[in-house]
């Protein structure tokens, strides 16, 4: 019953059924019954938290201190659950406070653990013990602190709890609180004085656990109590170490601020820095480095912080550590340095950082691998590039590891070599050469690298060129040291067992036994010999294994092993020399054999010349051979050398038996005989033994007798060294003579070469004998050529490297003095001779190397420089072409001499070249005309130079392209003089765009370069000028100015003194001018450029190759032959030390008609051109040109000058673009910083990816970019022109007329012409523009695409110039009288009335007495309108006599035009420049009536096409003057003008005298004009040679007809005809008026003829130029035969015609002006498509008609006139 009742009570308590419980309790008084767990109803109610039930049970007498099975009481349960009211009731009922459960926990403990703050407070108020401990001695405060109950901690501390109490492991409440970051608990404990340094479990302090958990605030609180921050846990980790590993940056900073030690290692040895690096925490690493953490402490496995950073691949961290200068060579236990590790990880950035810091590439790991081994084994080209960027490290390619592998052989073992690509690497840090101020380290290292290349095939001759006394000998010593370090890196061989060892040991022990057998006893001898044999082999075994052991204790074994191996190898070599034929060496492309060098003692050759010095030189080389190969080997080789008759068998044979068999037989006989003697002695009893002994003695004696000669040779060779033989031969020089002595030297040299080759084949090495010739420039001059010939003869075969160190100018001068007449007559000079001998010229230019960094350039694809989209396309083609194999290019046959060899030779050459260079030579061997002169020897020389230059470029961190470098080297090698002109211009001219091609630059200065060797002897060193022009124009990639700036500092084959010579000569000319001559100094390139003209010749023909006339714009005309002034003294030519004078001292002075060629002179005044009738200023033409220049773009702003904002604005202006996408496009442009310069140079595909436009927008944007690029490519060369024209004074009228985009062809009627006056005296013409005091232009600008190409008619015009110069004073006086009278008559014509008669239209052509005019028009044919009034004031001066002396001859036709600011005479147009001088020179003294007027062709442009008017023929003009189609004078003025003109014509002084006088010079002129010769040496060419090789074949037939005298062109669409200008008509003689010269655009200037020009009667452009003196007059031209050819020839020029708006100029009040489009100016607007241009061209060309047959008589007329 009680059980049921009690269960019911418990059930009611569980169900919290209070009424039922009360009812039940009233019936039953037993309330302390238990359930199965021993719990009473009170415990259950206290646990459930039902206060009423608890009260009811307590009221009914429930015992509150009863325990269940786990020793829990009701108070403990209530405290655990936090029922405060029940706890209070239980305490009132007397519950026990200190009762413990089975775990020893009291009610307070549970309340603290559970965080029941109010319960804890209640219990403490009732006196609970706060220091009670439970299991593991844990206090309530520890539980409260560990679980973050801050209030309870505070209560406990207030009630006396121990603040520093600890549990069983010593962990205090502070440690527990800090472990979980309970900040408030930590604060309370610290406030009560908790010990911050007390260690708990695992030796952790509160600071350590707080740091480990990353509780920053707790750490800060603890640090405020000044703890010991350097305490460590059980693993040796400090708080800082833990924070660094975990990456708590703020905590680390706090700890560092608290003074924590940063270098305390943990138990493994890792420091805080290493821990931070391993964790990858960059900021922490930086913080530690700022606190001077030790970066070189080795941690676990000897790894430093730097190594760990490298291993983690964190480049930022590596960079930070490297800034603190760590030791980069500390190895790990595996021997790896950080560089080796970075190389293994292929981390290019880290490798580059380490190399920049000076990490050694020579470091090796435990396997002996260097970083190069690792990189090449891993096939990483970029890593290998970085590791090899210093030339000194190139020697590591040949350093073997412990397995015997070299990086070079590792690379050879792969099918695709990367070492051939490495030498196209990007940059090398020259930190190791900073101390070498002269840059010799780079020179020596690069040369040593080339000469140490295993695949380099000697012989080779290197020329070290520098001025005498510049330190070449110092470089030689450095070069020798470098070559030794490159070569002497082979590991010492270790001892190996071999059959030779067995044979030698047996022979030694047997001999020792025989000795003892003779002297002591046979048995003892056997015992001793066997014991000795055993000892020897025990010793060998110890040495064998000990030499391969690592450690210092075995160094003695290694030393003995290497010494034994060396001596045994030498013995083996001696036996091989005696008994074995040398094997063939393998091809160097499959296995690179190690190289060794032997040097001559070059000091003994200084200041010595002749046979004795050569003997001494070879003797020193033989001494070096003896030191290297050994005394016996070198001297015995003379006896045992292999004869060619031996064949390729392995063994040398004697009597058909191998020699070693006979040798072993003889040795065996000797040993057997000695053995028998030792055993049996000499006893007559032993007959058999005696017989055997006699036989043995006979065999041995016979062998000795038969080899007496050999023994004598051996004895002679051993006693007489090669040095002794050479000296004895030198002492007998008087008997041997020179030829005999040379034969002795040759034999000795060949013997040395064969010896080196033989020993190399046995030892598997490459020996190269280096002959150093120093002091050759100090030898006697007559010995120099002999020395060079001797060296060439002696060392032209075999493994020789000849190094000349000399001053090339002294040597070449000596050669020139000693060359025989045959060579001189063959145009072979000293320079050609040296070029033929020297395979690798190196000019020491330390200044260039020091400035190399200025030219450091970068590009995206290994040096591809993109100028524009077009250039980029060309380079893509280049890259595709360059991938062709060398085998394909050797199929070219006629273009290369390489394919004449057999297949094996060609394959060997192919492999050699491919291995030697990292670029394909296809482009050098393509069918270019310039290659026709390149021989295999020249190609080898080019390869050597390119290789050295490439290494120097890499050493200076200059990125380059191999194709461009090869083109540049070829240019400097074949044409050094002209290339020096290009370089000099680039050095002296600022502001040139980098993309300007060398062809454009050459066209600017071509007329400044002398063309004959008499003017400039240095022209001898250049190749054919025609090939030079073809190379510049047709070679791809096209070289630009940027390439010159890139390559020049490291170009070793170009003599820098050439530029000094050119500058000195130019300065000397100017100095002569300043010295008092009447001529102005001629600057190289001063004066503003002129605007382009449609009449200009294409750029390709504006060259000095075909230029044989006077030099325009600052360069003199060709001077007379050198014999003309050979006896004079003057400035010495720096190169040949010969008298050198400015040619204008001997030839007439020439001034070009263009205003751009002369220096600005203040003596010439100018004003705005005005119309004389209304005084209104005329347009200068420049603004019109600019307006027409960029009509489509709407702005003259160039693409490359646009900013990002301008590009965005330009984008918004594109029609058809999606406006909704515009903000996105603009954002992309700004984000990517796409400015105009980027657009002008970037790759289109990359731009497309970056812009991410939709299809339509992209094509619109792309077309805009390409269009602006095209515009800029036209504008870029003309930028200087714009600059100059903007800054110049108003342009003269003649310039403005020609610059305008459309020029009106003026009317021929004089009534509609504006009257001009021409009143210049001789004195005025002489001094015009020549004021010396005027300042020069400071802007060094050049003309761009247009060129002046006036020329003398003869290719060899010196003779004619001399004869013309020798005109007598009487002739000149007669001419002056005639000219003075002519001026007076012309003044009368124009002076009396205000008529429009033009005074100076007809030219006296006085200038042709001296053959210098380039203007076909009259001297006074043009006059600016602004000079009208001044001309009237100067009429009197114009009549003054001008006394001309012979040296003062002036070209009046051109001297009148001097500056850009003032041009009193009309500047000569492009027709004039291209006009042939021949025709004009033949007519020097004619009056205007007798002078043949130039035939005129009307040119009109219809839609951009060419239209020609028919020219009057004989039939048209054979009648009277009135029969002319268009009268030149109107009605009443006609007769007046004719009368006055007739008076002029009848002047005796003006007519007869000049003709009579000039007939004397007819034969000279005609000879000079007709006898043209084509000479490539003189730098000029005849009119048969055309620079346009691309059109050569198509125009082959037409080219024969283009030499005709006269061309008549007619246009069927035109019925009206126009007469000739009055200025050229004279008396309108129909025969004279019929004569015309048409210029050809594509011809060279030497073939050009003459045409007149004036601003009033603008002559139309003539499209063809012909030399009247070249073609027989009987040839008739039919232009219809080849219209297509002619169109092709004109295509280049015509395709550039753009659409322009018409501009009409009205020089006078003409009632009906005719506006005709002019082609003078090619506008820089949108190009028409080439296809349409070509179609138009073909159509127009087809309209050309045949010339009139009567015109063929012009040649006879010319002769009759003469």
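We count from 1, first residue shown onward.
Including glycine, each Cβ sits where the backbone N, Cα and C put it.
Because the structure is a prediction, the values reported are computed rather than measured.
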Check for me whether Swiss-Prot puts residue 128 and residue 690 on a single side of the membrane.
no
Which residue from 417, 918, 1453, 1599 is recorded in Swiss-Prot as phosphoserine?
918
Check each of the ranges 1225-1251, 1252-1278, 1279-1305 against Swiss-Prot and return the one annotated as region 'Disordered'.
1279-1305
Need the matching range: Swiss-Prot marks transmembrane segment on one of 613-633, 634-654, 697-717, 718-738, and I'd like to know which.
697-717
Of 1122, 1513, 1575, which does Swiss-Prot mark as phosphoserine?
1513
According to Swiss-Prot, which stretch among 450-470, 471-491, 534-554, 555-575 corresponds to the feature transmembrane segment?
534-554
DSSP-wise, what's the residue breakdown of the repeat 'ANK 1' (45-74) into helix, strand and coil?
14 helix, 0 strand, 16 coil
Which residues, given as numbers and ranges, are at least 6 beyond the ends of the repeat 'ANK 4' (145-174) yet have a Cβ under 8 Å from it?
111-113, 115, 117, 120-121, 124, 130-131, 136-139, 180, 182, 184-190, 192-196, 198-201, 206
How many of the residues that make up the repeat 'ANK 11' (376-405) does DSSP mark as helix, as strand and as coil?
17 helix, 0 strand, 13 coil
Outside the repeat 'ANK 8' (277-306), six or more residues from its ends: residues with CB under 8 Å to it:
243-247, 249, 252-253, 256, 262-263, 265, 268-271, 312, 314, 316-318, 320-324, 326-328, 330-334, 338
For the repeat 'ANK 8' (277-306), DSSP counts of helix, strand and coil?
17 helix, 0 strand, 13 coil
For the repeat 'ANK 7' (244-273), give the DSSP counts of helix residues, strand residues and coil residues.
14 helix, 0 strand, 16 coil
Can you name the far-off residues of the same chain, 6+ from the ends of the repeat 'ANK 10' (343-372), with a Cβ under 8 Å from a Cβ of it?
310-311, 313, 315, 318-319, 322, 325, 328-329, 331, 334-337, 378, 380, 382-384, 386-390, 393, 396-397, 399-403, 407, 429, 431
